[in-house]
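As structure tokens, the structure follows; a few thoughts come after it.
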Amino acid sequence: MSRPTLSGACAAMLRRDLTLAWRRRGDIAMPVLYALIVATLFPFALGPENALLERIAGGVVLVTVLLAMLLALDAMFRSDIEDGSLEQLVLAPQPLATLLAMKILAHWITTALPLIVVAPLLAGMLHLPAQVMPVLVLSLLLATPLLSLLGAILVALTAGTRRSGMLLALMLLPLCVPVVIFAAGAVAAAQQGLPWLAPIAWLGAALALALVLAPLACAAALRIALDA
Amino acid sequence: MANWIPLWMHKLGSPPIFYRFAGVLRPWMIALALLTGIIALYGGLVLAPADYQQGDAYRIIFIHVPSAWMSLFIYGVMAVASFIALVWRLKLAEIVAMESAPIGAAFTFITLVTGSLWGKPMWGTWWTWDARLTSELVLLFLYLGVIGLYHSFEDRRQGARAAAFLAIIGIINVPIVHFSVNWWNTLHQGSTVRILGPSKMSGNMIWPLLTMMAATKFYYIASLFGRVRTDLLAMESGKDWVRQIAEKEAAR
């Protein structure tokens with residue numbers, strides 16, 4: 001039996017995860033609906049003043065997207081643990097970190113990308129000025145993969161436990177604080193007409209670092225969690 | 001060559017030997033913590049002069065600053081023990097890392113509470129989203145995450161390894177807390193005590209502070225040893241040495 005090449009295995013992994021997600025299209029819509037509902041709660045809670053909503057719009061959208069991603073993160077490895085395919089993945093001859101990177105990529109495409117698509121809509125509902133929109137999308141494009149990568153490590157750590165939802169929030173929150181600060185900082189700076197490239201550059205640097213290190217950490221965490 | 005040091009370290013990693021070692025050392029640590037603590041409190045609350053700017057309210061630093069130092073120090077100890085636990089799978093290192101977490105969380109909590117007690121008369125607010133306050137709060141969340149993850153596993157050793165991994169990831173926050181007052185110029189005052197070079201504090205204020213720092217260290221060791229001893233008994237229950245201790249206690 002011939003062994004598949006690394007790129008072949010990666011492509012197969014990606015195709016499998018995307019197909020699985022596509023078969024359950026309803027699940028992809030859930031984080032988007034959740035974000036929509038949370039964002040609509042803010043005008044009800046704070047009052048529908050345009051000036052106030054405009055000022056908080058960027059931050060609200062970021063936090064909403066973060067919360068929606070947090071909810072979706074829990075499911076990243078669950079079905080694979082239940083049917084035992086995660087163990088097969090660990091035993092595969094290809095490096096586990098690379099295969100996990102593909103899983104994280106598939107997860108980002110199915111959960112974060114739809115959120116980024118609706119983010120301008122959410123921001124528009126909260127009266128974010130149209131000229132800030134590109135900066136918001138850009139900061140989301142850099143921040144969401146970071147959250148996916150960080151989250152994947154923590155999900156892998158909790159893979160051996162049964163109740164992980166709340167715990168995941170507690171663990172991810174401290175680690176994602178810098179991401180939120182820089183992403184929201186870029187949007188706020190753009191809104192005030194200040195240069196916004198510096199926080200975006202920080203996000204990019206962090207993303208480059210996480211792209212290299214997070215899959216390795218995720219693989220190590222998964223090995224610990226499955227060690228039982 | 002004297003190779004008794006590595007040999008001694010190696011022996012200390014064994015649960016029954018560490019159990020006895022910690023049992024002998026613990027009363028001394030409690031005594032030292034009490035002694036240095038009382039001296040430091042007397043020096044800080046009675047002997048030290050009132051601050052020319054803040055009056056007597058500044059005296060809370062004799063609790064606040066040593067707690068803040070300990071919150072970072074214990075995180076460092078926890079991370080180092082976690083690293084040892086993951087690399088060499090030493091049972092004792094796992095326990096030390098996991099039992100450090102609640103103590104560190106307590107010191108972090110004390111730091112936040114005393115800080116806001118001081119902040120009310122000085123800054124006019126209990127809480128502000130200042131860089132150092134926020135990063136200290138994040139440190140508390142990190143501690144709680146480690147504790148939570150440890151307890152969410154059914155297998156304790158597996159939980160300890162997972163939580164140890166989280167502790168190592170979280171260490172990026174420690175330099176952020178430490179340097180936050182230098183990096184961001186916000187409300188919190190800069191550091192006045194220096195290890196290198198002269199401190200910006202008068203001598204009769206600084207010695208109680210340093211004494212209190214020693215007291216918190218001794219307290220940490222005493223508390224850690226107590227917790228580790230209990231944990232060792234629970235983890236090793238069923239082993240021969242635990243049975244011997246249990247029989248001896250029962251015969252008393």
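Using the three backbone atoms N, Cα and C, a Cβ is placed for every residue, glycine included.
Here's what TrEMBL has on this protein:
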- A:28-46: transmembrane segment (TRANSMEM)
- A:52-73: transmembrane segment (TRANSMEM)
- A:104-126: transmembrane segment (TRANSMEM)
- A:132-155: transmembrane segment (TRANSMEM)
- A:167-190: transmembrane segment (TRANSMEM)
- A:196-222: transmembrane segment (TRANSMEM)
Cβ pairs under 8 Å between the transmembrane segment (A:132-155) and the transmembrane segment (A:28-46), at least three: no
Residues from the same chain, set at least six apart from the ends of the transmembrane segment (A:104-126), whose C-beta lies under 8 A from its own: 13-14, 17-18, 21, 28-29, 31-32, 35-36, 39-40, 42-43, 53-54, 56-58, 60-61, 64-65, 68-69, 72-73, 76, 132-133, 136-137, 140-141, 144-145, 147-149, 152, 214-215, 218
Sequence-remote partners of the transmembrane segment (A:196-222) [C-beta within less than 8 Å, at least six residues beyond its ends]: 77, 86, 90, 95-98, 100-101, 104, 135, 138-139, 142-143, 145-146, 149-150, 152-154, 156-157, 159, 178-179, 182-183, 185-187, 189-190
Same-chain residues at least 6 beyond the ends of the transmembrane segment (A:52-73) whose Cβ lies under 8 Å from its Cβ atoms: 30-32, 34-35, 38-39, 42-43, 46, 107, 111-112, 115-116, 119, 122-123, 126-129, 132, 136, 139-140, 143-144, 147-148, 151-152, 154-155, 168-169, 172, 176, 180, 183-184, 187-188, 191
Residue numbers, six or more beyond the limits of the transmembrane segment (A:28-46), whose CB comes under 8 Å of its CB atoms: 21, 52-53, 56, 60-61, 64-65, 67-69, 71-72, 110-111, 114-115, 118, 122, 125-126
